[in-house]
Amino acid sequence: MNLFWLTELLLLLKYYKLRFALALFVISLGIMSFTMFVILQSSVKAHLEQVFSQVSQSNFVAHLAPKSAAERKNIQRYLSYPEVNEALSLITEIAENKTHAATQILPFQIIYEKALRFQEVLEADLVLIYPQLLHFLNVSTKEGHFFSQNEHQEKVIVIGSNIAKDYACRGFNPIGEKISIRGSYYEIVGVLENAVNNPLVDFDLNQSILIDYSFLPVLGSSPYQSFFVSGHGALNETQKHFKQYLNDKFQLTSVFIKDANLYMHAMLSQITLTLNILKWIAVMNVSLGILVLVNILVLLIEERVPEMGIRLCVGALKQDLLWMFVRESMSFCFISGVIGLILGVPASYFIVNKLNLLYEISLFDMLWILPASVLCGLVAGIIPALFVARKNPAMLL
């Protein structure tokens, strides 16, 4: 019976293909948008879970933003190298005397200098970094090693995985190679594993050149103004004590805090617009597709009068004619749903990659898409069936 119904549907599409093509396209586009909407929602949820698993809720990054000459003077006085070591040890000492305050304060600084390899400019983020910070960023070395205590004042660097791949494409092992920065050569002693970037820091670990923080006087034109703070206890308490101590000890009040909550809010603001657009595109396209399908089926009633008369002559009941229209509409929408799913999965993968999210498909959330498509077909099929129900069976014969 199902095979017979399928054959009927294929014949209907064959003879009226131009009329049904628009409805098929519009409904498929709507189902594709719904599929993308569901997958994007799942991907955002999975990405945020991954972020919170990597970023402790008591960790944050503090960026100093001096607004007055006095604040700039204090930053220059206390947070240049090597004065920053004493300042941070004092902060840590005070923090450890407070129940919920920070215990690790690690400086880093992005510097805007050109890195040259064989007289060619490398596309890389140059970052002065406190070595212990790499532990909090959950990154390890693939080759070589991190900066050691013996190399504290030596010109050595660690590079990200993408830069190492560029060396490999040229047939070089990066370990031991030299990179020129500000006219001085720095030796590569380590290559990082491919890393999932921590959203709290503003540089890509895979595309970075990491330099020991002690080289600030050589490479940096300003004192340290960015700090990774790792604490224990409530995030608000940690931030409060950190800001309070900066104010009491160094008279610094202009501090911008970036934490996981801020990142989540920014991401949701960005993604919500995309999700809302997809949702309304899906609703409008499915609604338009149903209207087009209903219009086509109603217009075909008069053309199919001889067919319905023949069915009645061979023993079909009027209820069978009504079911015929509903069945065809449901089957048509089911096909549109399958096409929409097939197109929606790769399209959503493309968008997720562009947004740098973790791709995640929730089969449970997608289970309702095909039944919803069939339900749309049921609604679309009832309307022409009602028109047929009003016709006199004798007129059909």
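The backbone N, Cα and C atoms fix where each Cβ goes, glycine too.
Those TrEMBL annotations? Automatic predictions, nothing curated.
Over in TrEMBL, the protein carries these features:
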TRANSMEM  20-40  transmembrane segment
DOMAIN    21-216  domain 'MacB-like periplasmic core'
TRANSMEM  277-301  transmembrane segment
DOMAIN    282-393  domain 'ABC3 transporter permease C-terminal'
TRANSMEM  332-352  transmembrane segment
TRANSMEM  367-389  transmembrane segment
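Remote same-chain residues near the transmembrane segment (367-389) are listed as 27, 31, 34-35, 38, 286, 289-290, 293-294, 297-298, 300-301, 308, 318, 321-323, 325-334, 336-338, 340-341 (criterion: CB distance under 8 Å, separation of at least six residues from the stretch ends). Across the domain 'ABC3 transporter permease C-terminal' (282-393), the DSSP tally of helix, strand and coil residues reads 94 helix, 0 strand, 18 coil. Here the domain 'ABC3 transporter permease C-terminal' (282-393) returns a mean pLDDT of 80 for the predicted model.
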